[in-house]
Ligand SMILES: Cc1cc2nc3c(=O)[nH]c(=O)nc-3n(C[C@H](O)[C@H](O)[C@H](O)COP(=O)(O)OP(=O)(O)OC[C@H]3O[C@@H](n4cnc5c(N)ncnc54)[C@H](O)[C@@H]3O)c2cc1C
């Protein structure tokens, strides 16, 4: 029973609006938390992207992620009408307000990751588009706060497709001492979590590119999987994808069974794994991504607007591949290995 999913918008928004605490938002795990949510905002912006956060602010968030009273009124008006999701069903999520979703199931994945299946009301889907993410916050009954008492907010990308009805699944890697992941990994079926979205990211369009190169590290894989599923589920999309996915060890590789199955049956997809240290009989490369890996596996930059390269992973990896994201969620200057290899800024998107 989804007691709180459709709680009245005004009540929810006013509750947010009255929160005097600023919220602690972060992007990727390897960027340490700071004590100030104001200084953390760029990190969320970094994760969500300009369009995403721009939209998020327009949709009712302000610099602290707290809707104003007038936003709350507007949200109350809008909440009455359910917005159809991509599959034509009503959207369970709302970009203007936090809604609580009940955890239905936890499916262990590996030593530090599990899939968290949240219930959606019957006949609804997430309402996300490809590619977009959502924000997590502790439920009202079990808030997650940082050391200064501010609510912790983190972005996540569902691994279920946007059109999936009845549930929304997240594959989440637990970080030792991580504020949100410790909380989420401590949830039991029946517990609730507040989720808000979508946070639009790159607006993927079938056949816009001939080839897409993807470079991902660790849990930065989930936005890539969202795009790959969109392509895989659309036979008329001729886009070819090469994913270069790096991890510490073989057991850290997320969604490997999906990638291997896809690459085995669908010639549009090619997967290249990289590990810190290769076990025997493992097909992949060892160590960091090099200029040679890029020239060998990624679509050539000379193909101009026919190619795109997506990058998502821990900040040090993003920095070395493409240069980090810029202030306030901008894409930032293209630097690193991709710039050295001759790619143009317009050819690269950093999630
Ligand atoms: C668009 C987007 C989509 C994402 N999707 C997913 C997804 O689908 N699945 C997923 O698992 N992740 C995803 N992430 C990453 C996610 O948002 C979080 O960054 C991640 O889960 C860690 O959050 P946390 O609160 O648990 O860790 P944090 O509390 O942020 O800490 C992470 C690590 O840093 C350490 N740390 C914290 N503070 C400090 C400090 N001051 N000094 C030194 N070390 C410190 C902690 O000990 C911990 O090991 C996504 C990120 C983005 C930007």
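Cβ coordinates come from backbone N, Cα and C, glycine included.
Remember, TrEMBL labels are computer predictions, not curated facts.
What TrEMBL says about this one:
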- 96-205: domain 'FAD-binding FR-type' (DOMAIN)
- 154, 155, 156, 171, 173, 180, 222: FAD binding site (BINDING)
Would you mind splitting the domain 'FAD-binding FR-type' (96-205) into helix, strand and coil residue counts from DSSP?
-> 7 helix, 50 strand, 53 coil
Identify which of the binding-site residues 154, 173 has its Cβ surrounded by the largest number of other Cβ atoms within 10 Å, counting every protein chain shown.
-> 154
Around residue 180 (FAD binding site), how many other CB atoms lie within 10 A of its CB?
-> 23
Using the centroid of the Cβ atoms of 154, 155, 156, 171, 173, 180, 222 as reference, list every other same-chain residue with Cβ within 8 Å of it (recorded FAD site), in sequence order.
-> 136, 157, 170, 172, 181, 219
If one looks at the chain holding residue 171 (FAD binding site), which residues at least 6 apart in sequence have a CB under 8 angstroms from its CB?
-> 109, 113, 114, 115, 116, 159, 219, 222, 254, 255
